[in-house]
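Over in Swiss-Prot, the protein carries these features:
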CROSSLNK  Lys155  ubiquitin cross-link
MOD_RES   Lys130  N6-acetyllysine
MOD_RES   Lys143  N6-acetyllysine
MOD_RES   Lys147  N6-acetyllysine
MOD_RES   Lys149  N6-acetyllysine
MOD_RES   Lys155  N6-acetyllysine
MOD_RES   Lys155  N6-succinyllysine
MOD_RES   Lys167  N6-succinyllysine
MOD_RES   Lys168  N6-acetyllysine
MOD_RES   Lys178  N6-acetyllysine
MOD_RES   Lys183  N6-succinyllysine
MOD_RES   Lys183  N6-acetyllysine
MOD_RES   Lys190  N6-acetyllysine
TRANSIT   1-39  transit peptide
Amino acid sequence: MLPAAAAAASLWAPRLGLRGARLRLARQQVPGVCAARQLSSSSQRRSEALAGAPLDNAPKEYPPKIQQLVQDIASLTLLEISDLNELLKKTLKIQDVGLMPMGGMMPGAVPAAAAAAPEVAEGEDILKQKERTHFTVRLTEAKPVDKVKLIKEIKNYVQGINLVQAKKLVESLPQEIKANVAKAEAEKIKAALEAVGGTVVLE
């Protein structure tokens, strides 16, 4: 039995030795494989991060809500801008459009309100002109060549005045021709006086 066992051992020894060598080689290769996998994973994550980062020269895209808000504001009339300005000042507690932004305010609210202020003021002036129903007709200038015609025309609109008084009136301009006149009549007087060389303003 001993010679048979020795023969079997000598037969399997080379195979066992080869298997052990393979195991040692595999163990040596495992760290390298892991390192390669880590490097590949890190490179992939870096590529994904670069792909997701926005480019500096790419145009900024604004949310639809902001775009719609800008379009709505741009379509407002002067009166609506005035109401918006007033409501913003009340909501954001802005005392003066010239003040620096206070805590809790939207960025750019004060500059936007300040930029809209001249347009709002102009719109309010136009509104006041539209709301007025009575005017004062005032003669401010007269052409020398047309003074005679102008004097006669003034006599038609100023009660109780004679030609001498009308002449003195024309020579000492500006003078009030008629006060508290309805819009239609004021425009009629203005047109008549301007037709004979006068310069008229409605106040």
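Keep in mind that glycine also has a Cβ here, set from the backbone N, Cα and C atoms.
Everything Swiss-Prot records as a feature, shown here on the structure.
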residue : record               : Cβ neighbours (10 Å)
Lys143  : N6-acetyllysine      : 12
Lys147  : N6-acetyllysine      : 17
Lys149  : N6-acetyllysine      : 16
Lys155  : ubiquitin cross-link : 17
Lys167  : N6-succinyllysine    : 17
Lys168  : N6-acetyllysine      : 12
Lys178  : N6-acetyllysine      : 17
Lys183  : N6-succinyllysine    : 12
Lys190  : N6-acetyllysine      : 21
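Under DSSP, Lys178 (N6-acetyllysine) is assigned to a strand (E or B) in the three-state scheme. Checked against Lys143 (N6-acetyllysine) by C-alpha proximity, the recorded positions Lys155, Lys183, Lys190 yield Lys190 as the nearest. Lys143 (N6-acetyllysine) carries neither a helix nor a strand DSSP state and counts as coil. When Cα-Cα distances from Lys178 (N6-acetyllysine) are compared across the modified residues Lys147, Lys167, Lys190, the shortest belongs to Lys190. In terms of C-alpha distance, the listed recorded positions Lys155, Lys167, Lys183, Lys190 place Lys167 closest to Lys147 (N6-acetyllysine). Note on proximity: among Lys167, Lys168, Lys183, the modified residues of the record, the Cα nearest Lys190 (N6-acetyllysine) is that of Lys183. Note: the CA-CA distance between Lys155 (ubiquitin cross-link) and Lys183 (N6-succinyllysine) rounds to 20 Å.
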